[in-house]
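Encoded as structure tokens, the structure appears first; notes follow it.
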Amino acid sequence: MSLKEKTQSLFANAFGYPATHTIQAPGRVNLIGEHTDYNDGFVLPCAIDYQTVISCAPRDDRKVRVMAADYENQLDEFSLDAPIIAHENYQWANYVRGVVKHLQLRNNSFGGVDMVISGNVPQGAGLSSSASLEVAVGTVLQQLYHLPLDGAQIALNGQEAENQFVGCNCGIMDQLISALGKKDHALLIDCRSLGTKAVSMPKGVAVVIINSNFKRTLVGSEYNTRREQCETGARFFQQPALRDVTIEEFNAVAHELDPIVAKRVRHILTENARTVEAASALEQGDLKRMGELMAESHASMRDDFEITVPQIDTLVEIVKAVIGDKGGVRMTGGGFGGCIVALIPEELVPAVQQAVAEQYEAKTGIKETFYVCKPSQGAGQC
């Protein structure tokens, strides 16, 4: 049964009438451009065919009822006329409440709604299950009540809800790609202007995501340290962000910087340049160049930004040994575990899967999870 059928059937059973709309919003993977978002730089993600799906209908009162199919059909109810505060027990409900509250704060007027939510974006893998939920809820209200919001505004509202209501610091990339993704394309995003450019993906290329299943422990504290180091670097150059520093300016004075800060800055500057070049390489179908850029990105994350772990490096090496120069592979996400992403000709996927199955667990003692994805459409009716 599809997520659409599942949520529609649960909706009718729970609420006693049929849903009027079914909305989906996808998860995402970032192909290249790591830790560049909060430096006002460039990222190149694509939406994937794992998504959050919501069957819904408007109500003629001010009540919101939400059922979470993936959490034993837990039900949350709240009123649009009372202050919306955090739910004490259901963490999932706070993503919904936060999005609704922030839409209200933006002076959108809408009535009550019934929703049933289900999703298959793997949680905790760094594939943006939370952003896809936020964008799905925003799209539900926009569609049901014809709110004058575009995808970028729905994305910004979701980011605001996550930062301020849920209390988790995140950039804008995850929500933006979920809202604006385009089938068979990646999206080059300028994280300063929020400008986007759709970049066509070469035919016959699979987007493979492999979760190392290495439990991330350092990610929060180390992420904040990296942000501070980047801000220190920007201050040294008297610029608002590292986006505004050229590699030539950096090379001329690198020796004056604290050696660790210098390494962090070098990663951001070179990664921004790689990301812009990667968009051109993809568009021209130059998988060889894309592979080189992804390899450089991984080496930079490993040696200059120091956010990889041995398990991730091992996974990357296993995949690279199979694909050679026919594709690319690198760590994706915040670091210290999580996933790698590979762009691979479809005919090589079985060989990659076999090599990883035979070698990764033997070398690390951890079993990986393997996903083959297609670049997918952003949020909308399904």
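For all residues, glycine too, the Cβ spot is worked out from N, Cα and C.
In Swiss-Prot, the substrate site is described by E34, H35, T36, D37, and among Y145, Y223, Y360 the residue recorded at this site is Y223. In terms of Cα spacing, the binding-site residues T36, D37, G124, A125, S130, E162 all stay beyond 10 Å of R28 (site 'Transition state stabilizer').
The recorded positions R28, H35 differ in how many other CB atoms lie within 10 Å of their CB, and the one with the most is R28. Those same-chain residues not listed among E34, H35, T36, D37, Y223 yet with C-beta within 8 angstroms of the centroid of the substrate site C-beta atoms are G33, Y38, N39, V43, G171, R226, I268, G334. Cα of E34 (substrate binding site) to Cα of S129 (ATP binding site): a span of 18 Å. Of all the recorded positions listed here (E162, D174), it is E162 whose C-beta has the fewest other C-beta atoms within 10 angstroms.
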